[in-house]
Amino acid sequence: MIRSIIAGIGKYVPSTVVTNNDLTNFMDTTDEWIQERTGIKERRYAHRTEETTTTMGVEAAKVAIERAGLTPQDIDFIIFATLSPDYYFPGCGVLLQRAMQMKQVGALDIRNQCSGFVYAVSVADQFIKSGMYKNILVVGAEKHSFGLDFSTRGRNVSVIFGDGAGAVVLQATEDTNRGILSTHLHSDGMDAEILAMFNPGTHANHWKADAATFNNAEMGDMFMSHTMIDEAQNFPNMDGPAVFKTAVVKFPEVILEALTANGYQSSDLQLLIPHQANLRIAQFVQQKLKLNDEQVFNNIQKYGNTTAASVPIALCEAWEAGKIKEGDLVCLAAFGSGFTWASALLKW
Ligand code: COA
């Protein structure tokens, strides 16, 4: 029987720290409001021109590959999760393959927002268990700061998100005492528009406003129109309270699903790494599962919500701090736009 272990883990966060007070220069908000509602004190923003989602992913991947005792040439497959790709297409996977001078291995991009990394781990795990690949690089990276509405209009979204990247090398092992025990993936598209960025996109909602007839100029306008920019339709939209209500139900559900599937209870967990959506959501989950403070790792205070990067950054930081030891039962769990939610249970 083949299992996947995390053979190496790395993270990269940009050096620029943006505090809540810094944000008050652009919008009507306060440090108190942000901390009280989200737990966030500061976040990192990538360099405007020199850093991209891919370059941050590359930095995290270098560390993960080195810690696995491998070189980029040893990687058999790349999975890159992000909602903020460098280009509309092609995806970041091939850009990372090029930047790291890897072999011409397959590169897959995953668009599952906050649960993207856990979905990516699940996909990688299936490839490894089937015997197809031995070393898969899984990356979660985001450059949110390029595309947020920093005016008061966008404050409910923009104060939450930050930039960064995390990566793991998943490796095949025949040691059945370690590795990923199971992964659990879910979605419910009924609420797809509750947390979404609609434009640019191929949906028809803005067509009527911009193109009454189908001539060349107006067809071009459909993708990126003046109305879209004037009305700030090209920024993410979120009904925060609605996200909150569903997250606090689905997070515990998917964690319990993973524990139950493997004959464990929440008291058996050494560490839960929840997607860093909001500290209040994590605290709610902790309470519901009756976990003590030592069993849950949070670092949203320093980085904000880094979407697909949040789980690998938190996992890496917990591991670097010595909070994860060999044999520990660790659960990764995420919930986000889609809605999509997922968990992975593993023995370190
Ligand atoms: N600073 C100051 N005031 C703000 C603000 C900000 N950054 N953002 C919103 N507000 C205001 C609103 O305009 C509203 O004002 P009003 O009462 O005068 O209309 C008030 O604060 C309350 O807004 P509301 O959205 O109801 O607040 P909330 O308590 O639900 O907190 C979130 C907002 C976004 C922090 C919260 O809903 C949340 O965390 N939801 C989950 C979001 C999440 O996790 N997203 C990622 C999913 S992966």
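A Cβ is built for glycine as well, from the same backbone N, Cα and C atoms used for every other residue.
The structure displayed is predicted, hence computed values, not measured ones.
Among the features that TrEMBL reports, active site is placed at C114 (among others). Over all protein chains present, the Cβ of C114 (active site) has 32 other Cβ atoms lying within 10 Å.
Annotation comment: TrEMBL describes H275 (among others) as active site. The Cβ neighbour count for H275 (active site), using a 10 Å radius and every protein chain shown, is 32.
In the three-state DSSP scheme, N305 (active site) falls into the strand class. Residues annotated as active site in TrEMBL: N305 (among others).
Sequence annotations record features per position, and here TrEMBL assigns domain 'Beta-ketoacyl-[acyl-carrier-protein] synthase III N-terminal' to 108-189. Look at the domain 'Beta-ketoacyl-[acyl-carrier-protein] synthase III N-terminal' (108-189): DSSP puts its residues at 29 helix, 31 strand, 22 coil.
Summed and averaged per residue, pLDDT over the domain 'Beta-ketoacyl-[acyl-carrier-protein] synthase III C-terminal' (259-348) gives 97. Marked as domain 'Beta-ketoacyl-[acyl-carrier-protein] synthase III C-terminal' by TrEMBL: 259-348.
Feature annotation from TrEMBL assigns region 'ACP-binding' to 276-280. Within the same chain, residues 37-40, 114, 160, 243-244, 247, 298-301, 303-306, 310-311, 313-314, 335-336 sit at least 6 positions outside the region 'ACP-binding' (276-280) and bring their C-beta atoms closer than 8 Å to a C-beta of that stretch.
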Whole-number Å value for how far H275 (active site) lies from C114 (active site) (Cα to Cα): 7
Inter-residue C-alpha distance, H275 (active site) and N305 (active site) (nearest angstrom): 8
DSSP-derived class (H/G/I helix, E/B strand, else coil) of H275 (active site): coil
